[in-house]
Every structure is written in structure tokens, then in C-alpha cells.
Amino acid sequence: MSSQDIPEENLPAEQDHAHGAVGIADEENPFADPGLPPHEHRIQDVDERAARRSERMVALLFTVSMLATIAFIVAYLVIPNDKSIFVFPIGHLSAMNFTLGITLGVALFCIGAGAVHWARTLMSDVEVADDRHPIEASPEVRAKVHADFREGAKESALGRRKLIRNTMFGALALVPLSGVMLLGGLGPAPGTKLRHTMWTKGKRLVNMNTNEPLRPEDVAVGSLTFAMPDGLEEHDEEFQTEIAKAALMIVRLQPDNIKDKRELDWSHQGIVAFSKICTHVGCPISLYEQQTHHVLCPCHQSTFDLSDGARVIFGPAGHALPQLRIGVDSEGYLQALGDFEEPVGPAFWERG
Amino acid sequence: MSTSENETSRSRGKAPAGERIADWADGRLGIYSLAKANMRKIFPDHWSFMLGEVCMYSFIIIILTGVYLTLFFHPSMNEVEYHGSYVPLQGQLMSEAFSSTLHISFDVRGGLLIRQIHHWAALIFLAGMFVHMMRVFFTGAFRKPREINWLFGFLLFVLGMFTGFTGYSLPDDLLSGTGVRFMEGAILSVPIIGTYLSFFLFGGEFPGHDFVARFYSIHILLLPGIMLGLMVAHLILVFYHKHTQFAGPGKSEKNVVGMPLLPVYMAKAGGFFFLVFGVIAAIAAVAQINPIWAMGPYRPDQVSTGAQPDWYMGFAEGLIRFMPGWEINFWGHTLVLGVFIPLVLFPLVLAVIAVYPFIESWVTGDKREHHILDRPRNAPTRTAFGVAWVTIYMITLVGGGNDLWATHFHLSINAVTWFVRIFFFAGPVIAFILTKRICLGLQRRDHDKVLHGRETGIIKRLPHGEFIEVHEPLSQEQLHTLTAHHQYEPAEIGPTVDENGVERKVPASEKLRAKLSNAYYGEDSQIPKPTVEEYKEITSGHGHH
């Protein structure tokens with residue numbers, strides 16, 4: 001095997017003349033490779049009693065594995081699904097999950113430990129050297145392959161008959177387009193869907209917790225209320241998609257504290273309604289700091305100042321939260337005075 | 001034919017059953033030629049060579065448990081009212097995906113265990129790949145002829161991330177749904193086609209009714225199918241190239257020293273599968289993971305605090321958290337740089353490490369095969385580059401958990417974010433400089449050890465009163481091991497005049513290469529290893545030092 005010709009430039013050891021010479025330690029080169037160190041015997045190699053101890057150990061591990069599998073089967077059959085047990089120091093756990101997991105874990109681990117112990121103590125640990133052969137083909141093989149390829153290419157006449165070649169490339173380039181077209185069925189075009197929500201003029205604001213329409217007096221100073229449009233029901237087919245755009249955040253501020261003029265105009269008695277969907281990547285904003293009127297998105301920590309047009313004061317969001325213009329209807333309920341004037345949620349190319 | 005004669009003569013004897021089956025198979029599959037090359041194949045031993053095995057075994061565990069989970073999981077977003085055995089969610093509206101995951105967790109006996117093994121194995125798979133990749137990187141195992149296998153491994157890591165992401169999004173719980181929303185927001189930021197991509201992925205507006213079913217086929221078929229193919233190719237190449245080894249007595253670029261596959265590695269590697277599986281099963285028994293019942297079903301208008309992706313996505317999460325919210329509006333369009341830049345940085349940072357082997361081989365111009373591993377210290381620039389890359393990764397990971405750092409260490413979230421913003425740039429530079437210095441220091445130590453021997457800690461007083469520490473000369477094995485590495489000469493720009501004396505235009509790429517080569521192998525970047533002459537001068541002169 002080692003007699004096989006190896007192109008010398010492929011074998012770096014050849015480059016390093018100082019240490020390339022594998023072999024016997026010599027006076028000339030104290031750094032030369034002394035060759036594989038002699039094999040050191042393990043206790044199991046020289047003492048049969050130690051070897052038998054190892055054998056018993058391996059057998060014990062395999063036996064423990066068998067017992068653990070039996071325990072697994074028993075546990076699977078007898079432990080009730082909802083039983084919980086206390087395991088120190090972890091706490092209360094599902095008895096079933098804990099027992100099955102531990103018995104399965106022990107059964108598997110002991111097989112592994114047995115096999116590894118067997119390999120380490122009883123199988124030969126004599127290190128052997130195997131030759132490497134260069135990955136590259138020999139020059140003759142290389143020449144043969146190139147010649148064969150040229151021959152084949154010539155016989156195909158692909159290079160000569162340009163018309164065949166060009167039309168074939170054309171056909172092969174076009175045919176994947178059918179596949180691309182078929183992907184068209186994956187979704188409708190966006191159209192203007194991202195620009196509209198369920199909010200329209202006259203739509204009442206419904207408290208998300210109580211499912212009752214909101215009156216101004218229901219909104220206390222310092223509290224954060226979540227609202228959705230009247231007529232949206234949890235059982236609706238498109239509830240998730242609609243609430244993903246229409247969710248509202250309502251707070252009452254002192255009108256004097258509102259710094260932004262448009263925000264004041266669009267509020268009702270200091271009650272302001274903003275989109276709950278973060279303008280960064282669309283998480284629902286849920287943390288309100290009543291002293292500062294800041295809201296914080298828990299996902300990426302964008303912070304908005306609700307007393308100043310909900311502008312971004314920290315974090316990765318790129319623009320203010322859209323505000324919904326609100327008023328009260330003839331029965332004294334809070335209502336929208338139109339849809340949001342700009343798209344809610346994360347920014348996108350057509351947003352403008 | 002001689003082969004058929006052989007066959008008849010073989011079958012006439014009373015060979016044992018195993019042998020006869022093997023003969024039968026060989027006549028049809030040619031297994032003997034395969035076995036001849038591989039049955040007694042030599043594998044070198046080193047603890048770090050197990051890291052790749054951890055990945056392979058956890059991948060097998062994921063497939064086994066994943067198949068089991070598909071028997072019970074319903075990849076559907078139809079809203080149903082829950083009437084299972086988990087009382088707190090009774091009567092609540094949820095998708096079938098979520099309710100079937102509850103069913104697996106509470107009503108299928110052992111279902112929760114398999115779910116937890118599946119999820120833990122996925123985390124370990126990704127962590128294993130990361131560490132394995134670093135092992136390969138820092139020891140230079142990616143050099144010729146293994147560059148393509150490095151790319152296969154890299155692809156496995158990237159695909160593993162996406163398989164993990166699509167997997168933990170399937171239960172349609174509040175936490176994972178938030179992650180999917182984040183992904184949708186990120187896709188929307190792509191200029192020109194972002195909204196279309198999003199609508200085509202979700203079958204309309206977010207969340208729609210399709211993404212669980214679509215993610216399901218991606219998660220259980222498309223990505224794992226590709227990964228299985230890549231992993232098989234990865235392994236075939238490991239066998240074909242034969243494993244790398246560290247320098248040492250008797251080890252050279254021409255051989256591979258170790259123990260044979262049959263029986264030692266069959267037992268060790270086979271046993272290791274059971275060890276990995278056993279440990280993961282035990283973890284799944286005691287450590288809860290992804291308790292979707294505590295989070296509840298997904299609602300796009302609800303969220304929990306401390307929302308975190310699985311660890312391997314923390315890097316993407318960090319990029320998006322510390323990026324300032326830049327947005328450019330022009331001609332009725334919005335360029336959402338605040339989201340799009342992180343989206344581009346994410347593959348870019350990963351790609352840097354993927355293409356590194358090609359950059360290094362271009363700088364060295366080395367076309368030889370390399371089977372002896374480098375000690376990281378002996379390739380200071382590479383090691384420093386790798387540590388700088390890991391630093392970026394880790395800083396960004398800190399950024400991905402900035403809220404947790406803030407709450408756990410009582411820091412301001414703004415301060416943590418600003419720290420990440422600054423150290424995303426400064427961190428790798430500092431890490432690079434420090435690592436290089438440490439490597440050079442270690443090289444100097446090796447240099448001294450070779451020339452002056454090992455410090456024994458014994459102080460000796462000489463007759464004239466001088467105190468010296470006794471140094472013990474190294475054995476030849478150690479001397480060889482410490483001096484076996486190759487040191488490159490920095491490349492120089494070739495002659496600027498050609499053979500006719502005409503001035504030659506030096507291409508910019510050649511200048512750059514010479515510059516990089518100097519940075520890699522110049523005076524400040526490696527300590528010349530001791531020469532035989534130096535060694536002889538010192539050892540013959542004083543005997544001791």
C-alpha cells in the first residue's frame with residue numbers, strides 16, 4: 001500500500017525538511033520524530049483477575065439497563081397520567097414524566113457506559129498507524145479522465161451544433177419558471193390590506209376584558225385599557241388577523257400633559273387611543289409606566305412616549321405608534337372617528 | 001467466471017449462518033470491498049473528536065422522537081375549544097396545533113417525555129454543532145482537503161437553526177407566535193418584495209390560517225431531508241479523508257494513528273450514542289422545557305414579558321434589538337433599515353466564518369493537504385480571528401437577552417443596549433488583539449521549554465552561592481511534538497520588473513495578499529520555533545541553565 005506513488009508536493013511533511021525524516025532519534029536532529037511510543041500495558045492486559053473484574057462491571061451495567069427497561073414498562077403501565085411527585089431539589093414533577101425519563105435514561109446510559117468500559121478495558125488499545133493516500137488522482141488517471149471527457153463531449157457534438165446547444169439551454173432555463181409560477185398560489189397579493197383595519201367612523205371601542213363598550217368614565221387616570229372594535233368576536237373566522245391590526249391601547253392623560261397638538265385634537269377628554277402593535281416588528285405593547293406615560297414593548301424594548309404623539313424615545317422602533325381619532329357617540333360611548341391614518345404595525349416598502 | 005466458481009465452492013462448505021448471509025449480501029451489494037476499506041479503519045483518539053458525534057447522535061434522536069410526535073400532532077390552525085385534561089385552559093379557544101400539543105403533553109402517556117427529549121436534543125444539537133465547528137476552526141481542520149466538508153458542516157448549522165425555529169413555532173403558543181410575528185416583521189422590511197414575501201409565506205395577512213401547516217412540511221420534510229443528505233455526505237467525507245490528528249511521536253501527514261473501527265470505535269462510538277441519548281432522556285425527565293400550557297395559545301394582541309427565542313436564535317434576536325430604528329422615507333416608499341440591516345447582518349456574520357478557509361488558503365498559497373492539526377497558539381492570527389468572531393456572536397447573544405441581563409443584574413436596559421451597540425464593534429477588536437498576544441506568549445513559552453527544558457520547581461544552590469532553578473530537558477517525544485508545526489514565511493510581492501526589464505504592474509490583489517500574509521506570518525505574528533542549531537548550542541554549552 002505504502003509503495004503507491006504519492007506526489008511529493010501533496011505531502012507537507014516533505015516540505016519541512018528539518019522534521020520530515022520520520023524515524024530513529026539521531027544525533028543530528030534532536031527534534032526528529034522518535035516514532036510511535038511503545039505500548040503500555042493496562043492492568044487488564046496483564047492481570048486476568050482485573051480483566052474479569054472489568055467483564056463483571058460491563059455485565060453489571062448491561063444488567064442494570066435491562067432492569068431499567070423493565071421499570072420503564074411497569075411505570076408506563078401503572079402510573080396515572082396526572083400524578084405529581086416531589087423530587088428534591090427540583091420540586092413537583094409529573095410522576096409519569098420523571099419516572100419514564102429516568103428509567104429510559106438509565107437504560108440507555110448503562111448500555112453506553114458498558115460498551116465504552118468494555119472498549120477501554122478489554123479491547124486491544126494498541127495504537128496502529130494507517131497510511132494516508134493523497135485525495136488527488138495520479139497524473140495518469142487525471143489525463144485519462146480528461147481525455148474521456150473530451151471524447152464524450154466531441155461525440156455529443158454539443159460544441160459544434162450550436163443550435164442544439166442554445167435551444168437546450170433556453171429550454172432548461174425556462175422550464176423552472178413553471179415552478180415559480182406555481183408558487184403564486186401561496187398567497188394573495190398584498191394590495192392595500194396592510195393599510196386598513198376594522199376601525200371605521202362610528203365603531204365603538206369595546207373593552208377587551210369585559211367585552212363591554214367603553215364609556216369615557218370607565219377609563220381611569222393611570223390605567224392602561226385594551227380595546228377592540230365593536231362587532232369583532234373571538235369565534236370569527238378572521239379574528240386573529242383582524243385583532244393583529246385593530247388592537248388598541250387606551251390611556252387617560254391630563255389634557256395639559258399632552259405635548260403633541262394633533263394628539264390632543266384626536267383625544268377625548270384626555271383619553272387617547274393608540275395602536276397596540278409595535279411599529280418595530282409587530283409585538284403587542286403591554287408595559288405602561290403611568291408616571292412618565294411611557295409604554296414599552298416587551299419583545300425588543302422599544303419605548304414610546306404616549307404624552308408626545310407616541311414618539312419613539314428608545315429602542316429599535318423606527319416611527320411613532322399610529323393614533324386612532326376618537327370621540328363619543330350620542331349614547332355616550334367611546335367611538336372611532338375613522339380608521340388609522342397610517343398603516344399599523346411594522347414598516348414595509350410600500351408604506352411611504 | 002471465477003466469481004461464480006468461488007460462490008459455489010463457498011456455499012458447499014458448512015459456513016456459519018452469519019458468514020453465509022454476508023456472502024449472499026456481498027454477491028449483490030459488494031459489501032466486502034466496502035468492509036475491506038472501512039472495517040478496520042483507524043480513528044485517532046482525542047476528546048474533542050467526540051463533539052461531532054454528539055451532533056450526529058442528537059440529530060438521530062431528534063428524528064426518532066420527531067417521527068413519534070407526528071403521530072399525535074395536528075398541524076392545523078382551525079380554532080377549537082379545548083376540552084382536554086389540562087383544567088386551567090378548559091373551554092378556551094385555541095388552534096388545533098396548540099390543543100394537540102396539549103394532548104401530547106397531558107394525555108399521551110410518555111408524550112411529554114418525548115416532546116421534551118425532542119426539544120432538548122434540538123438545543124444540544126445546535127450547541128454541539130457550534131462547539132464542533134469551533135474545534136474544527138481553531139485546530140485548522142478545515143484546510144485542504146476538508147474545505148467542502150467544512151461548508152457541509154456550516155450548512156448543517158444554518159439549516160439546523162431554521163429547522164429549530166420552524167419546529168418550536170409549530171405548537172402555536174403565545175411565545176413562539178411572538179417569534180413568528182418577529183419573523184414576519186423582519187420579512188416586511190425587505191425592500192420592494194417584502195410585503196409579497198410575507199403574504200406568500202403566510203397565505204395572506206399575518207397570522208392567517210396557513211403558517212403552521214406550511215412550517216410543518218418545512219420542519220419535518222424539507223429541511224431535515226436536506227440535512228440528512230448533508231450529514232451522510234459529511235460522514236462519507238470524514239471516512240474518505242480519514243480523520244485528522246494532533247502532532248505527536250509517530251504521527252505524520254502521511255499516516256493516521258489510532259485504533260480500529262472494529263471493535264474499539266464500534267463500541268466506543270456506538271456506546272456514545274446511548275450515553276448521549278441516556279443523558280438527554282434524563283435531562284428531559286427533570287428539566288422542563290417549553291411549557292406551552294403555561295404560555296397559552298397565541299393571540300397577536302397578547303404577549304408575555306421576557307420573551308426569548310431558543311438560544312441559537314438569540315444571535316438574530318440580539319441584532320434586531322440593538323439596532324437603532326432607522327427608517328428612510330422617499331417617493332412614497334419606506335426603507336426600513338432598522339430591521340433590514342439586522343436581517344442582512346444575520347447571514348453576513350455567519351458567512352464570514354464559512355468563507356474563512358478559502359481566505360486563509362489564498363493568503364498562504366498553500367496547496368498541500370493538511371492532516372496534522374494545528375494547536376491554536378501556533379496559528380495566532382487565525383485563532384485571534386476566530387475569537388473575534390465568537391466575541392461578536394456572544395455580544396450579540398447578550399443583546400438578544402438584554403432584558404434578562406437588565407432584570408437579573410439590576411442594570412438599566414438602555415445601558416445594556418448601549419453596551420452591546422458599542423462592543424459589537426469594539427469587542428472583536430479587543431478580543432483579536434488580546435488573543436494574538438496570548439498566542440504569542442504561549443509560543444514563547446513553548447520556545448523556552450524546548451530550549452531550556454521544563455521548570456521542575458527545584459531550587460538548587462551552587463557552591464558559590466548562586467541559586468538556580470533546575471530545568472529538566474524534554475524527552476524527544478515532547479521536543480518533536482512542540483516543534484512539529486510548520487511556520488509560513490510571509491509572502492512577498494514578486495519582482496516588479498519582468499525578465500525583459502520592463503516594469504510590471506503589480507495587481508492590487510497581489511499587494512493585498514502580501515499585506516495579509518505579513519499580518520499573518522510577519523515578525524509580530526509568530527515566534528520562530530527553535531532551530532536544531534539553537535538547541536545544540538544551548539544544550540552542549542552549559543548542560544543546565
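Any Cβ shown, glycine's included, is placed from N, Cα and C.
What TrEMBL records for B:21-247 is domain 'Cytochrome b/b6 N-terminal region profile'. Predicted-model confidence for the domain 'Cytochrome b/b6 N-terminal region profile' (B:21-247) is 95, expressed as mean pLDDT.
Per TrEMBL, the feature transmembrane segment maps to B:49-73 (among others). Long-range contacts of the transmembrane segment (B:49-73) within its own chain (CB-CB distance under 8 A, at least 6 residues past either end) are made by residues 43, 97, 100-101, 103-104, 108, 111, 114-115, 117-118, 121-122, 124-125, 128-129, 131-132, 135, 156, 170, 216, 220, 224, 227-228, 231, 235, 238, 243, 269, 272-273, 276-277, 280.
For the transmembrane segment (B:119-138), the list of distant contacts is 48, 51-52, 54-55, 58-59, 61-62, 65, 150, 153-154, 156-157, 160-161, 163-164, 167-168, 276, 280, 283-284, 287, 289-290, 310-312, 353, 356, 376, 382-383, 386, 390: same-chain residues at least six beyond its ends, Cβ to Cβ under 8 Å. The transmembrane segment annotation in TrEMBL covers B:119-138 (among others).
Among residues of the same chain six or more beyond the transmembrane segment (B:150-170), those with a C-beta under 8 A of the stretch's C-beta atoms are 55, 73, 75, 97, 101, 119, 122, 125-126, 129-130, 132-133, 136, 142, 176-177, 179-180, 183, 211-212, 215-216, 218-219, 223-224, 226-227, 230-231, 233-234, 237, 290, 309-310, 312-313, 350, 353-354, 357. The transmembrane segment annotation in TrEMBL covers B:150-170 (among others).
The annotation transmembrane segment is assigned in TrEMBL to B:182-203 (among others). With a threshold of 8 Å between CB atoms, the same-chain residues lying at least 6 positions outside the transmembrane segment (B:182-203) that come near it are 165, 209-211, 214, 317, 320, 333, 335-336, 338-340, 342-343.
According to TrEMBL, the transmembrane segment annotation covers B:215-240 (among others).
Residues 38-43, 50, 53-54, 57-58, 60-61, 113, 116-117, 119-121, 123-124 of the same chain, all 6+ positions outside the transmembrane segment (B:261-289), place their C-beta atoms under 8 angstroms from a C-beta of that stretch. Annotated transmembrane segment per TrEMBL: B:261-289 (among others), in sequence order.
What TrEMBL lists as transmembrane segment is B:330-359 (among others).
Summarising the annotation, TrEMBL assigns transmembrane segment to B:379-398 (among others).
The transmembrane segment annotation in TrEMBL covers B:418-435 (among others).
Below 8 angstroms of C-beta separation, residues 38, 41, 52, 56, 59, 63, 66, 70, 73, 75, 146, 148-149, 152-153, 155-156, 159-160, 162-163, 166-167, 169-170 of the same chain, each at least six residues beyond the ends of the transmembrane segment (B:215-240), sit close to that stretch.
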